[in-house]
Structure formats: C-alpha cells, structure tokens
Amino acid sequence: MRVIIRKTYEEISLLAAELVKSRIEKKDNFVLGLATGSSPLGLYSALINMNQKNLLSFKNVKTFNLDEYYGLRGDHPQSYRYFMDVNLFNHIDIDKSRTMVPDGTTKNLEDFCLWYEQQIKNSGGIDLQVLGIGSDGHIGFNEPGSPLSSRTRLIALDAQTIEDNSRFFKDKNQVPRFAITMGVGTILEAKEIILIASGKKKAQIIAKAIEGPITGLISASALQIHKRCTYFLDEDAASELNRIDYYRFVEEAEGTIGKEIF
Ligand code: GLP
C-alpha cells in the first residue's frame, strides 16, 4: 500500500486528480468507481478544472458509485445521485447514461443489487475506485461488522454514521436508516483503489485502518490485502500514524526509480 502525505487537503486533492488523470489517459473505456462525502470534493473540482481546460476528457469513461441512501429519489438534494450531478457530472463531458448510482427507490432490492454487480462485471470491472472513509472506518456504507467478502446489498446505518451525516439534513431524524452499498468484497475487486482523508477527525481511524489488524469491525482495514491501493492524506489525517518516516522514504524512492511502489 502507498501512503502519500501532504500538508494540505488541496495538495492531496491535486495529487489524487493527477493519478486519476494518468490512469484514464492510459486506457480506453475506463471504468471509474466514485464516492460521495466531503473528502473527494477537492479531487472532483480538480478533475472539473482539467476537463474544462481540455486536459482530460470523460467521453469514454463509465462510472459506478459506491452507494445511495435507501428511500431517496435521485432528485432529492441529499441523494448521492444528486450530489454526483451537482459536484461532478454536470460540469464535465461525461455521457450521463454512463454514470451509475444505485437506485435508492428500487422495490426489488435483491434483483437490483445483483443487477448492479452484473453491470460492473459487464463493463469489465472497476479500473480505479475512489474512496473516502467514515469515522467508524466504513468504506461505501460498509458499517463495522460488514463481511469482508460482502457484495452490493442493503445495509442498516450505524448510529455514528447517522450522527456524522446529519449535518447535511435538517435534523437527525431525516437521515435515512438504510442504504444500498457495494460490499467490501465488491470494492476489493477494483483493479486499483485510492482513499482520500483529511482532518484530525479522521486521524485515529486512519491509523487503525492502515497500521492496525485487518478486522471486519473496520472495513477500510481490508484494503491492506489489496495489491494496488494508495492513501492520500493531509498531515492532520496522518497525524496518528507510526510509520510516517517510512511512507515518506518510499515516496522519495519512487521519485528516484520513477515507479510507484505498493
Ligand atoms: C458517507 C459515504 C462514504 C464517505 C463517508 C465520509 O458515509 N457513504 O462513502 O466516505 O461519508 O464522508 P466525509 O468524506 O464527508 O467525511
């Protein structure tokens, strides 16, 4: 795993955007996995900027989002479909019919979840998955206790997540109690993964996810078994890590040999 640390959120967002750009440029019909939350917003605005300056095109990119609140329609301002439209899709040259977000209003959950997984497979799998991390270690909405082999499914949100996400709703009671999320197993099948985290509030969980044991109680810890995963952290989010010197040394070595070291 690579751990890239910079002083500010802006710096890690730009570096993450450079990585996404370089991967999209290398492959036709690129399949990009996307996340919501505030962590990827800097990345999204950097990608918009690149697109508007004609430095990067999304014409041949297909996207799959990790998750969606169960019960919210795509036109609900707090739905993740709405979030993606407003914060990325509306501003880039992507074909909207190639942007997939789980349907929070589906009546037939099981079939829908199987269908979503099948769509990912039919597209050739996710080339690069973007992740944030919840304060309880969730990726997507894989709350503590999610099987590390889990697939796309309905999940009940943890009280901590409802509390954290209530800032986007009028009050806590309006936060949906359920969501549809790709599973940890689904996420681990992405060919490459990047996780962006910033701020002191994420420092403890980041240290546990990167340097603690792999456990179903911290879904992000499962990323330790992935072959090609890069964490982009600002100094606050990295502040509880023990092996910062090593991560910096590896990055320096990458510069010397001109190759990423996972
Ligand atoms: C939500 C999303 C996650 C996201 C998390 C953290 O729960 N389902 O995908 O990573 O929030 O959000 P933030 O980046 O705002 O801290």
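Just so you know, the numbers here start at 1 and follow the chain as drawn.
Each residue, glycine too, has its Cβ placed from N, Cα and C.
The average pLDDT the prediction assigns to the domain 'Glucosamine/galactosamine-6-phosphate isomerase' (15-211) is 97. Residues or ranges marked as domain 'Glucosamine/galactosamine-6-phosphate isomerase' by TrEMBL: 15-211.
Following the DSSP three-state reduction, the secondary structure of Asp67 (active site, proton acceptor) is strand. Proximity of Asp67 (active site, proton acceptor) to non-local residues of its own chain (separation of 6 or more, Cβ distance below 8 Å) is seen for Thr36, Tyr80, Pro102, Gly140, Phe141, Ala179, Ile180, Thr181, Met182, given in sequence order. Residues or ranges marked as active site, proton acceptor by TrEMBL: Asp67 (among others).
In the three-state DSSP scheme, Asp136 (active site, for ring-opening step) falls into the coil class. Cβ environment of Asp136 (active site, for ring-opening step): Glu143, Pro144, Asp158, Gln160, Thr161, Ile205, Ile218 lie under 8 Å away, each six or more residues apart in the same chain. If you look up TrEMBL, you'll see Asp136 (among others) marked as active site, for ring-opening step.
If you look up TrEMBL, you'll see His138 (among others) marked as active site, proton acceptor.
As annotated by TrEMBL, active site, for ring-opening step applies to Glu143 (among others). Secondary structure at Glu143 (active site, for ring-opening step), as computed by DSSP, is coil.
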Of Asp67, Asp136, Glu143, the active-site residues whose C-beta sits under 6 angstroms from any atom of ligand 1 are Asp67
Chain-internal residues near His138 (active site, proton acceptor), provided their CB is under 8 angstroms and they sit 6+ positions away:
Pro144, Ser146, Asp158, Thr161, Ser219, Ala220
